[in-house]
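Take a look at the structure below.
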Amino acid sequence: MNFFRFPVQLQLLISTVLGPCLGLEFTGLQGQWARYLRWDASTRSDLSFQFKTDVSTALILYFDDGGFCDFLQLMVVEGKLQLQFSIDCAETTVVSDKRVNDSSWHSATLSRYNLRTVLGLDGVSKWAEVRPLRQYMKIVSDLFLGGVPQDIRISVLTLPTVKDLPPFKGIIRELKYNSKEPILLSSQRVRMDIEGICMENPCENGGTCSVVDGEPLCDCSKTEYVGRFCNEEANNIPGFAHMMMADQAKGKAREENVATFRGSEFFCYDLSQNPIQSSSDEITLSFKTWQRNGLILHTGKSADYVNLALKDGAVSLVINLGSGAFEAIVEPVNGKFNDNSWHDVKVTRNLRQHSGIGHAMVNKLHCLVTISVDGILTTTGYTQEDYTMLGSDDFFYVGGSPSTADLPGSPVSNNFMGCLKEVVYKNNDIRLELSRLARIVDPKMKIQGDVVFKCENVATLDPISFETPEAYISLPKWNTKRMGSISFDFRTTEPNGLILFTHGKPQERKDARSQKNTKVDFFAVELLDGSLYLLLDMGSGTIKVKATQNKVNDGAWYHVDIQRDGRSGTISVNSRRTPFTASGENEILDLEGDMYLGGLPDSRGSLILPTELWTAMLNYGYVGCIRDLFIDGRSKDIRQIAEAQNGAGIKPSCNKMSGKQCDSYPCKNKGLCKEGWNRFICDCTGTGYWSRTCEREASILSYDGSMYMKVVMPTVMHTEAEDVSLRFMSQRAYGLLMATTSRDSADTLRLELDGSRVKLTVNLDCIRINCNSSKGPETLYAGQKLNDNEWHTVRVIRRGKSYKLTVDDDVAEGQMVGDHTRLEFHNIETGVMTERRFVSMIPSSFIGHLQSLKFNGLLYIDLCKNGDIDFCELNARFGMRSIIADPVTFKSKNSYLSLATLQAYTSMHLFFQFKTTSADGFILFNSGDGSDFIAVELVKGYIHYVFNLGNGPNVIKGNSERALHDNQWHNVVITRDNSNVHTLKVDAKAVSQVVNGAKNLDLKGDLFIAGLGPNMYNNLPKLVASREGFKGCLASVDLNGRLPDLINDALFRSGQIERGCEVGFTKADLKGPSTTCQEDSCANMGICIQQWENYTCDCSMTSYTGTHCNDPGTTYIFGKGGGLISFNWPANERPSTRTDRLTVGFSTSLKDGILIRIDSAPGLGDYLMLHIEQGKIGVTFNIGTADITVQESSTAVNDGKYHVVRFTRNGGNATLQVDNWAINEHFPSGNSDNERIQMANKKIPFKYARPVEEWLQEKGRQLTIFNTQATITIGGSDRKRPFQGQLSGLYYNGLKVLNMAAQGNPNIKINGSVRLVGEVPAAGSARTTALPPEMSTAFIETTTTMSTTTTRKHRTPPTIQTTDDMVSSAECSSDDEDFAECEGHAGGLGGELVFPVIVKDPLELPSVATRTPSIPFPPTLTIIETTKESLSMATEAGVPCLSDGGSDDCGDDDDDDDDDGLMISGYGSGEAYDSNLPPTDDEDFYTTFSLVTDKTLSSSTFEGGYKAHAPKWGSKDFRPNKVFDSGRTTTASFSPKLSRSTTTSTPPKLPAGKMNHRELKPQPDIVLLPLPTSYEVDNTKMKSPLITSPMFRNVPTAIPTEPGIRRVPGASEVVRESSSTTGMVVGIVAAAALCILILLYAMYKYRNRDEGSYQVDETRNYITNSAQSNGAVMKDKQQSTKSGNKKQKNKDKEYYV
């Protein structure tokens, strides 16, 4: 036997047998330690122990992760406990407030909860938290107590200094891991002294100490004293007392009568057979607890009882002998009795004679009651006279009862939690050792629950803090029927919050109007305006009881105790009782479902909220602390419940932060800061911002008089309290701001502009529900002159009958008359009131802007915009937009109309907008009785307001800084108030005039607009200057609150009057309408397309629509639940593309989601996905190899603002741009494909095809074609990444899918939470087939469109086409460019073959492909004079060949060219150009606008007779793919082998060294390049549009398979050929023009002999398609050294050939 191991084995045996009785005595010697099995405290666990020591510095326990980062060390430092721990190298320290080196016993606990660690000392907890990346603690070592072994290597210690710390000296006992004793592995120099507790003898007067269940027990048998510590004198009965105490001590030494109660357990002793009848008695017991409240002992009923309880940490005694209660409270001097230490209680009642004063000195018998705690604190008193006997035949309850709240005289409602020991009742007749009787299971003693007959640690009911109003926890159903009780403590500094709520099953009840309403039984406690309220409904109506007189939001703890028995009950707040009685006769409270603590869940669809519960209606969640929740006397561990539910915003502690939270000025943008509970509260009302710190800009809605936003409630709403706020801006004096409306009643709460003031109308339809007293609508007014086009803030607060309206700083208050206070509504409407059935007078529609509409805590505009609510209808436009409502154009000065008489007798508010280039003209005139009249006119460009109220005419002239006939919109406001103050305001300039005398304007007859009738000009009053009508546009006409429709409401119309105001004037030319592209012609980066008579805007890549790209595109809102819009191409129309263009506008607050995804046919795996990840937007696509991602990584886009994202792909190259931010580009790595292209053009024997393919794969080739696109899905819910927010103006390769969805396209399905904003777009604005009919700047290089089979055959055209079709074959759709399986046509590239089907139809006007191929540029430029006619001719003859095959390919194929359009550069407003960006090597992209892949070259606008100028290009050159040097110039070399599969043309000649700058600055005088383009075909007139586009970096050339074809045909691409006669004429003209041009070319070359030459750099050429193989221009990485800054002079009228 190994004798050295014997002591350790003996120690282990002792520790195993004795368990918690074991005490570890540490001597403090160096080298001592005790080693326990590892404590798993990685995430959640508790460790507890008791200790005492007298040293000021010592190590108590330590463990770590083996030498890396994590450790935990508990020490005594300067007499206090110090906890130091680290998680993932994030370290912190916690120090106790109390000193522990006092040689007294202390209890310590360590609680681990993920990143938080709590140190508990004698019931006081302190905690700390770290913020590492890892969320848990790593633990490798075992746990060491008192020290660590000295032979442990320092390298394995995370905290090496632990070896040098002083060892612990003292005793440690009751070490437990989660209430279980750990295994002692080994120890050194530690004594396992069971009697260590008695080292310092607590027994007095010679008593002997022993340990029982870990506690000291004094044997007083050899002394003359008794008591726990032998400190009380024994009875003077010789010998008997000593015998009794000796026997008792022996019994205690054997087994002590102690029990643990956890809130649900209690003893019940039946007194029915032996009733108590005594005049003197004594109760003794000891208790130990952490709990503040709990029943200790009770006996008796009705008015004869004794109740002993713990109340708020003090001992409470209530005795009633029949004539009234005697109450006594014993409190310690410092602290509370709930300190988890043993306390002895002794209650005695003795019959005494008491001399009564005032009773003639007659001695009476009274009961003297004495209560003492720990033998020191004593309270003495007398029970009331007449009754001296305690009689009880009921039960003796110990530790609790079945319903503690219902016990007579009980000051608490919950049972005891802790340990009770030696509970003894005795009187002159009996002695009941209740604890012993329970332990031995006496027949008369009933034990409820699982009682443990030893003292165990009872987990404390830790408080929790609700840190945000949204935080809440759900509790199980409250099983209460006839009676029940709830108690809790709360602490807060905030005035409002819902604390408790639960309700029962919905029931149909009939109200006073005999209509069925859904009602429920419910119970609630709320904090409102600092007062506590109890609300109860048991089926017969709601009662609302105010339980406090003073405010209770002062940060102190308040104890709430609610007890109910049937209909009656009491609510106590800090012992102040308030009785209540429920309505009706029902005594059953029928509840169902969860009880909510602290607030309500976001999804409240299943909850029926009572109207009387104002905090629920107002969305006021509770912020503060809750502790000690007891339901029906049983404790609820709300901390554990909160942790299990993982409730957000809940913290397991309650500490009040020091200082004021607003001292740091956290509220931005002038938000008002208020102090909350450990938080600041920012009131953002009136700022235009929202969020916790008022940092996020609130969404703005713009209204034009016909627009609205309507929030439809999911169910009918009933409220008695409302908080409403909003901001508005308007130039009108009238208009609906906000209104609640009902489908069933006239109930409304309405805010509107009325005479430039805000009017509040509250109408509670009392008559409809048979109310006794009804006054009708209540109204309030506030504010003055609010139609000043400035932001104003409106607030409405209603609480029952009282209500208040605040406009800016103007406050108006009112009190409602009548008993009815409930508001019913189904909708919240803005802008236009659509629910009009119960409205006698419909309010005027609103024109202006609304922002920050907040109704009962919900920001409805932003919720609607972000898709957070599904019940929102709107057609108002988001954003601060210029509002031009219902414009009408008067095209001549003889045009006018008349309306009904203007009603402006006492006051007047007129508003209109106008736009004109004429300096004079009548705008408005109305005559009246006598000399009364009103006139508004434009005189020499200034507004005149002329009027006569009977005292003679007056004129007020506008004081504009400049004349107003500048073709810009101007705003005019004319007002006359009750004081006869007339004001004329034009734009921001106002003029006022006070007119004395008559105040009324009595008008008669028609109101004339924009002019007068015949002969009326001769009879105009004085001061009226105009003698002709108004020519221009009028809009937003407001006639004293009436918004007339000028055309439909007109009584008479004369002349040319049209709806709308589309005729515009440019800045440079105000003499007539603009017909040429200007810088500001197209908004939002739209592309201006010049035509002969006018211009149009291509808005495809803007997300906008309209004639000038300034109207929002079709918009859908995707809601919270996730929605999906899916488009499926028909099986025979699935396209394959080499280039893709995608644009969409969006706004969202989402961090992750898929916006759009395009997938190929099943089995192919190609896809393209636009998605948001971590708030950043990007595109990921796969076209045959690996995923390629392009991302905007610099800035997050989930800020709720509107963004436009543009994506283009050309092969493996891609660009992504958000708004006008920097462009993100991707260029694939790897070698050039020149070798591959060359090999593709050779005849490869079949047996070598596979090795060649494998070799290409080894060379890292990338595929370039997006094959067989089958589906477009929008919304992402099909891939578990749903998008939430707005999507607008989606454009993908010609498809406007959202337009198609709005028009009900049969190929589109809509599922889930998807809502269309506004009206369905007009027909024709969306495509219903695979590709669009117009593609002016929307070129798609389509390779496979009609089929997915690999068989080469002609396909039947789609049914929508009735003309000649050119159809592409479905070559190799499953693999982009496999040479072996799919060998291409001779000269072709990988199956990129199309077979034209040409049917000549001489009856149709000729049409040209809507997309034009690019023309490569040689280094010289030829210029000739241009006229309109020559332009038309040049476009037919100026492009002699669009093939590279030489003159053979330019024969009859071009006979039928009808390309008489011009390609002209232009640029939409808002485009960004940056010449400093680095050049790229993607030859298929544009020179300047890298997001557009059009086949056009940019030039600028005409001046006068289309004068063209030489370009101002950058310093880099365009380069063809293959070049040869010829002196100083370089020209393209064409390969005849590729002539059958590519299309180019003889290029125009540009100065060498002038092209291919990375970001070319657009100039207004770039040369014109005639290129074939599209027609707008009708049977009456043929238009030849001039197409303009941005300065493209480089454009991929189209790849038709036959010469003469201008583009790649898609599924809907049509090439129409006219008759052969027309073709012959065109051919002759083309040949003649060619000869002239060659002559001019030679002359120009001779004149420009000093031009530079090209350099060729093919290091970064990746994609070499057919365009580059045939002369398409390339980009260079180096700048030309000669002509970088050279400018071309051109003063002649010229254009390019």
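The backbone N, Cα and C atoms fix where each Cβ goes, glycine too.
For 1-23, the entry in Swiss-Prot reads signal peptide.
Residues or ranges marked as domain 'Laminin G-like 1' by Swiss-Prot: 24-198. Within the model, the domain 'Laminin G-like 1' (24-198) shows a mean pLDDT value of 89, rounded to a whole number.
The topological domain 'Extracellular' annotation in Swiss-Prot covers 24-1622 and is backed by sequence analysis.
If you look up Swiss-Prot, you'll see 194-231 marked as domain 'EGF-like 1'.
According to Swiss-Prot, the feature domain 'Laminin G-like 2' maps to 258-455, an assignment based on sequence analysis.
The domain 'Laminin G-like 3' feature in Swiss-Prot is assigned to 462-654; the stated evidence is sequence analysis.
Residues annotated as domain 'EGF-like 2' in Swiss-Prot, with sequence analysis given as evidence: 658-695. For the domain 'EGF-like 2' (658-695), the list of distant contacts is 465, 467-468, 492-494, 555, 623-625, 725, 727, 791, 793, 795, 808, 851-852, 854, 859, 862: same-chain residues at least six beyond its ends, Cβ to Cβ under 8 Å.
Among the features that Swiss-Prot reports, domain 'Laminin G-like 4' is placed at 700-872.
What Swiss-Prot lists as domain 'Laminin G-like 5' is 886-1061.
The domain 'EGF-like 3' annotation in Swiss-Prot covers 1073-1110, and the record cites sequence analysis as its basis.
Per Swiss-Prot, the feature domain 'Laminin G-like 6' maps to 1114-1314; the stated evidence is sequence analysis.
Residues annotated as compositional bias 'Acidic residues' in Swiss-Prot: 1446-1461.
Summarising the annotation, Swiss-Prot assigns transmembrane segment to 1623-1643 and lists sequence analysis as the type of evidence.
Residues annotated as topological domain 'Cytoplasmic' in Swiss-Prot: 1644-1697.
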Under 8 angstroms for C-beta pairs, at least 3 of them, ignoring pairs fewer than 6 apart in sequence. Is the domain 'Laminin G-like 1' (24-198) in contact with the domain 'Laminin G-like 3' (462-654) by that rule? yes
DSSP puts the residues of the domain 'EGF-like 2' (658-695) at 4 helix, 10 strand, 24 coil
Candidates 258-455, 700-872, 886-1061, 1114-1314; stretch with most C-beta pairs under 8 Å toward the domain 'Laminin G-like 3' (462-654): 258-455
Count the CB pairs under 8 A between the domain 'Laminin G-like 6' (1114-1314) and each of 258-455, 700-872, 886-1061, then give me the winner. 700-872
